[in-house]
Amino acid sequence: MFINPRNVSNTFLQEPLRHSSNLTEMPVEAENVKSKTEYYNAWSEWERNAPPGNGEQREMAVSRLRDCLDRQAHELELNNLGLSSLPELPPHLESLVASCNSLTELPELPQSLKSLLVDNNNLKALSDLPPLLEYLGVSNNQLEKLPELQNSSFLKIIDVDNNSLKKLPDLPPSLEFIAAGNNQLEELPELQNLPFLTAIYADNNSLKKLPDLPLSLESIVAGNNILEELPELQNLPFLTTIYADNNLLKTLPDLPPSLEALNVRDNYLTDLPELPQSLTFLDVSENIFSGLSELPPNLYYLNASSNEIRSLCDLPPSLEELNVSNNKLIELPALPPRLERLIASFNHLAEVPELPQNLKQLHVEYNPLREFPDIPESVEDLRMNSERVVDPYEFAHETTDKLEDDVFE
C-alpha cells in the first residue's frame, strides 16, 4: 500500500476557487471598458490570425468568449483547444481555466480575476498578477521564475509543480497551500510568518535544508531532496503528515504528538525518536536500522524493509500491512489478527508464526523455512519458494515435480 500525501489536502486542488462573496469587489474603471462590439471585433481578428495548420480551435474559444460576455458570466473555460495564445479577456471575469493548451504567454489579466488555472501549457514567465487573485494553478509549464507575490494579499493557493523554478519569491501571509514539487529549488523562502499555511509540497527538488515551519502546518512533503536534517517539529500542534523520503537524513528531531503519517524511506537513519501514539502509517524502509522500538498502538501500516533488523518488537493489534523483507530476521513475533499483507522475503526465517485468517498476501520466499503454517483460504497472493527445503534430496524431488507439473499445465 502507498499513501499519496497529496490526498491529505487534495480538496485544495480539486477545482479553482469560486466567487468569494466576502471579498471586496474591484471596480473596473469606466475609461477602460470597451463596448461589446469592440470585444467582438478584437476576438474575430484573433480568430482570423490563427497560425495555419496548428489545429487551434479558436472558433470554439471565441464562441465561449462571446457567451461569457453576453451573460456577464464570472467563469470562462478554454481547456484543450490547442490555443497558442489568448485574446483580451472579458473585464468582469473572476475564474479562467485554460489548461492543456500550447500557451507561451498570457494576455493582461482582468483586475477582477480570483482564480487562474493554466496548467499543462508552455508558459515561461508570468506578468504581474491581479490584486484579488486567490488561486494560482500553473503546474506543468516551463516557468523559470514567478512574479512578486508578497503583496497578493488574497492569494491562498499556489500550485507550481513541474516547472523549472530555481527560487520562489517571498510569499503572502494569506497563503494556505503551496505545491512546488518537481522543480530545481535549492531553498524555500521564509515560511514561519505565514499564519494560515497548512500544506507544503516541495518534493523532487534540490533542497539542502528547510526553513522554520509555521504553527498552522498540517502536511510537509519534502521527499527526493538532499536534506541532511529537519527543522524543529515537536511544537507544531496540527502536523499530521511528514514525507522526507529519499534524502540524506541521519537523525530525526522529536516528533509532534499529532503525527499520523511518517515516511522517511531511503535515508541513513539508525534509530527513531519516540513515536507518537497517533501514528498510523510508518515507512522506514531502506535505512540502517538494526531494530525498532515500541510501535504505536494504532499503527496499521509498517514498512521496515531493506534494513539490518534482527528482531522485531511486539506488533500492535491494529496492524494490517507489514513489510520486513530484506532484513536479518530469524523469527517473527505473533502476528496481529487484522493483518492482511505480510511480506517477509529475503530473511533467515526458519518458521512463520500462525497466520491471521484475514491474510490476503503472503511473501516469504528466500527463507530457510523448515515448517509451514496452515495457509488461510483468504490468501490471494502467495510466494513460498523451494529455498524453504533444508534436505537437498527433498529439494531435488520437489524441483523435478514442479518441472513436470509445468510441462503438463
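Glycine residues also receive a Cβ, built from the backbone N, Cα and C atoms like all the rest.
Per-residue confidence over the repeat 'LRR 1' (72-91) averages out at a pLDDT of 97. The repeat 'LRR 1' annotation in Swiss-Prot covers 72-91.
Assigned with DSSP, the residues of the repeat 'LRR 2' (92-113) fall into helix, strand and coil as follows: 0 helix, 3 strand, 19 coil. The annotation repeat 'LRR 2' is assigned in Swiss-Prot to 92-113.
The repeat 'LRR 4' annotation in Swiss-Prot covers 132-153.
What Swiss-Prot lists as repeat 'LRR 6' is 174-195. Taking H, G and I as helix, E and B as strand and the rest as coil, DSSP gives the repeat 'LRR 6' (174-195) the counts 0 helix, 3 strand, 19 coil.
What Swiss-Prot lists as repeat 'LRR 8' is 216-237. Below 8 angstroms of C-beta separation, residues 5-6, 8-9, 181, 194-210, 243-256, 258, 263, 265 of the same chain, each at least six residues beyond the ends of the repeat 'LRR 8' (216-237), sit close to that stretch.
The repeat 'LRR 9' annotation in Swiss-Prot covers 238-257. Sequence-distant contacts of the repeat 'LRR 9' (238-257) (same chain, at least 6 residues past either end, Cβ-Cβ under 8 Å): 5, 8, 198, 203, 213, 215-232, 263-270, 272-278, 283.
The secondary structure of Asn326 (Ca(2+) 1 binding site), as reduced to three states from DSSP, is coil rather than helix or strand. The Ca(2+) 1 binding site annotation in Swiss-Prot covers Asn246, Asp266, Asn326.
When Cβ-Cβ distances below 8 Å are used as the criterion, the repeat 'LRR 10' (258-279) is approached by residues 3, 5, 8, 223, 236-252, 285-290, 292-299, 303 of the same chain, each at least six residues removed from its ends. Annotated repeat 'LRR 10' per Swiss-Prot: 258-279, in sequence order.
Feature annotation from Swiss-Prot assigns Ca(2+) 2 binding site to Asp266, Asn307, Glu308. Proximity of Asn307 (Ca(2+) 2 binding site) to non-local residues of its own chain (separation of 6 or more, Cβ distance below 8 Å) is seen for Val284, Ser285, Glu286, Asn287, Ile288, Phe289, Ser290, Asn326, Asn327, given in sequence order. Asn307 (Ca(2+) 2 binding site) falls outside any helix or strand according to DSSP and counts as coil.
Residues 3, 245, 260-272, 274, 303-319, 323 of the same chain lie 6+ residues outside the repeat 'LRR 11' (280-297) yet bring a C-beta within less than 8 angstroms of a C-beta in it. The repeat 'LRR 11' annotation in Swiss-Prot covers 280-297.
Residues or ranges marked as repeat 'LRR 12' by Swiss-Prot: 298-317. Residues 1, 3, 265, 277-292, 323-339, 343 of the same chain, all 6+ positions outside the repeat 'LRR 12' (298-317), place their C-beta atoms under 8 angstroms from a C-beta of that stretch.
Sequence annotations record features per position, and here Swiss-Prot assigns repeat 'LRR 13' to 318-339.
Summarising the annotation, Swiss-Prot assigns repeat 'LRR 14' to 340-357. Across the range of the repeat 'LRR 14' (340-357), the DSSP-based residue counts are 0 helix, 3 strand, 15 coil.
Per Swiss-Prot, the feature repeat 'LRR 15' maps to 358-379.
Each of the binding-site residues Asp266, Glu308 was scored by other CB atoms within 10 A of its CB, and the lowest score goes to Glu308. For the repeat 'LRR 13' (318-339), the list of distant contacts is 1, 280, 285, 295, 297-312, 345-359, 363: same-chain residues at least six beyond its ends, Cβ to Cβ under 8 Å.
Using a 10 Å Cβ-Cβ cutoff, Asn326 (Ca(2+) 1 binding site) registers 20 neighbours. Other than Asp266, Asn307, Glu308, the residues of this chain whose Cβ falls within 8 Å of the Cβ centroid of the Ca(2+) 2 site are, in sequence order, Leu269, Val284, Ser285, Glu286, Asn287, Ile288, Phe289, Ala304, Ser305, Ser306, Ile309, Asn327.
The secondary structure of Asp266 (Ca(2+) 1 binding site), as reduced to three states from DSSP, is coil rather than helix or strand.
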